[in-house]
Amino acid sequence: MEKSNAKKSTKPALSIMQMTLIGVMTAVTCILAPLVIPLPISPVPISFTNLAVYISLYVLGMKAGTISYLVYLLIGLVGVPVFSGFTGGPGKLAGPTGGYLVGFLFMALIAGYFIDRFSRNYILQVLGMILGTAVCYLFGTVWLCIQMKLSFPAGLMAGVVPYLPGDAAKIVLTALVGPVLKRAVSRLKGR
């Protein structure tokens with residue numbers, strides 16, 4: 001029998017520090033995401049989920065930030081009330097706002113890519129967050145239209161337009177605070 005000369009990697013996929021930070025940012029998301037500001041004109045409340053995801057992406061990067069969001073999503077799907085309005089369970093994913101929960105995953109991948117790839121270009125980071133948010137809006141609006149039997153323009157009016165100013169403010173806030181948090185975490189990691 002021939003032995004393989006290939007070296008086995010002993011380096012774990014995620015370090016203990018990365019796993020700890022994923023846990024911390026998942027907890028931050030679980031704390032911020034249930035907080036909502038209801039709007040009488042829409043079944044979709046103002047949520048802080050996207051703010052938590054954006055901050056996680058600066059602290060963790062695209063890969064670990066997306067993992068953090070997936071852990072949050074799984075926690076909510078098993079019934080822990082961490083979704084908007086202190087709700088949880090698979091019914092939330094099947095309901096009118098479920099498309100946004102799926103859309104946040106793609107938002108994390110897109111915004112995280114821009115934040116990682118263009119670490120010194122704040123304009124491109126902001127553009128990445130805008131693009132990620134637009135994709136999240138698309139998933140959410142299509143699902144909202146299906147669930148509520150709305151036309152696409154009516155879905156945009158109910159699920160996007162009222163949130164544009166607040167989401168723009170969250171992106172600007174994150175663009176200001178995110179790099180500071182990223183540097184602090186880098187110092188904590190010793191890099």
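Glycine is treated like the rest: Cβ placed from N, Cα and C.
If you look at the transmembrane segment (12-37), the same-chain residues 6 or more away from its ends with a CB under 8 A from one of its CBs are 45-49, 51-53, 55-56, 59-60, 64-65, 67-69, 71-72, 75, 80-87, 185, 188-189. What TrEMBL lists as transmembrane segment is 12-37 (among others).
Residues or ranges marked as transmembrane segment by TrEMBL: 43-60 (among others).
Residues or ranges marked as transmembrane segment in TrEMBL: 67-86 (among others). Long-range Cβ contacts of the transmembrane segment (67-86) within its own chain (Cβ-Cβ under 8 Å, at least 6 residues beyond either end) map to 22, 25-26, 29-30, 33-34, 36, 38, 45, 47, 49, 53, 56, 60, 92-93, 97, 101, 104-105, 108.
Annotation comment: TrEMBL describes 98-115 (among others) as transmembrane segment.
Among residues of the same chain six or more beyond the transmembrane segment (122-143), those with a C-beta under 8 A of the stretch's C-beta atoms are 44, 50, 54, 96-100, 102-104, 106-115, 152, 155-156, 159-160, 167, 171-172, 174-175, 178-179. The transmembrane segment annotation in TrEMBL covers 122-143 (among others).
Counting only same-chain residues 6+ beyond the ends of the transmembrane segment (163-181), those with a CB under 8 A from a CB of the stretch are 44, 46, 48, 50-51, 54-55, 57-59, 115, 122, 125-126, 129-130, 133. Feature annotation from TrEMBL assigns transmembrane segment to 163-181 (among others).
Sequence-distant contacts of the transmembrane segment (98-115) (same chain, six or more residues past either end, CB-CB distance under 8 Å): 44, 47, 49-50, 53-54, 56-58, 61-63, 65-66, 69-70, 73, 76, 83, 92, 124-125, 127-129, 131-133, 135-144, 147, 159, 178.
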